[in-house]
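Novice: My questions will all concern the structure given below.
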Amino acid sequence: MYLPAPRPLFAALFVACAALLGFGLYLQHVVGLEPCPMCILQRYAFVAIALVALIASVHGPRRSGTVLYGLLVLVAALAGGGVAAQQTRLQLEPPSLAECGPGFEYMVESFGLAEALPMMFRGAGDCTAIDWTFLGLTIANWSLICFALIALFALVMIARGGRRRREGWRGFSR
């Protein structure tokens with residue numbers, strides 16, 4: 001199976017992660033969905049993957065570099081996927097059993113606005129709330145699918161080890 005050089009593959013991964021992060025910001029600032037602490041952790045994982053992919057696409061790694069970047073992407077994808085899986089589990093439990101942290105209103109009442117504002121970046125929404133679905137899947141479900149696909153991408157890059165097609169024309173041979 002022919003795969004292009006690692007550089008355009010990592011560039012495509014960067015674009016995909018940037019699009020996912022942009023969509024998350026759209027849901028937050030335009031649609032008005034408040035991210036929960038687990039959502040913020042998933043965003044951190046997507047940012048980490050995007051940064052590694054950007055560096056790899058600029059660097060244009062050879063065999064060992066492709067493996068290293070693939071491992072870094074895999075670690076971030078597994079971490080983000082673990083958080084997404086936990087959030088999915090929480091969303092499936094009965095509301096009385098599931099808990100992920102206090103809401104923003106509680107933080108303002110308990111800590112005051114000056115201390116609660118920095119906490120906003122950590123997320124203030126309810127991790128168990130299902131505010132948005134697409135094709136019957138929640139944001140956490142879609143994040144889990146994306147992290148699984150990214151992990152698969154990373155495994156392919158690791159297994160491939162950066163093997164490239166030889167440069168130059170070799171006639172009709174493969």
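Cβ coordinates are placed from backbone N, Cα and C, and glycine is handled just like the others.
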Novice: Where TrEMBL splits the chain into topological domains, do C39 and G161 land on the same side of the membrane?
Specialist: no
Novice: Near the Cβ of C36 (disulfide bond), how many other Cβ atoms are there if near means within 10 Å?
Specialist: 25
Novice: Using DSSP and three states only, what is C36 (disulfide bond)?
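Specialist: In the DSSP reduction, C36 (disulfide bond) maps to coil.
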Novice: Give the nonlocal contacts of the transmembrane segment (139-159) in its own chain as ranges (CB under 8 Å, at least six residues past its ends).
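Specialist: Same-chain contacts beyond the ends: 3, 6, 9-10, 13, 17, 20, 27, 33, 38-39, 42, 45, 49, 66-67, 69-71, 73-74, 77-78, 80-81, 84-85, 87-88, 91, 131-132.
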Novice: Relative to the Cβ position of C39 (disulfide bond), how many further Cβ atoms are located within 10 Å?
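Specialist: Taking every protein chain into account, the count is 24.
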Novice: How does the model score the topological domain 'Cytoplasmic' (161-174) in terms of mean pLDDT?
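Specialist: Its mean pLDDT is 48.
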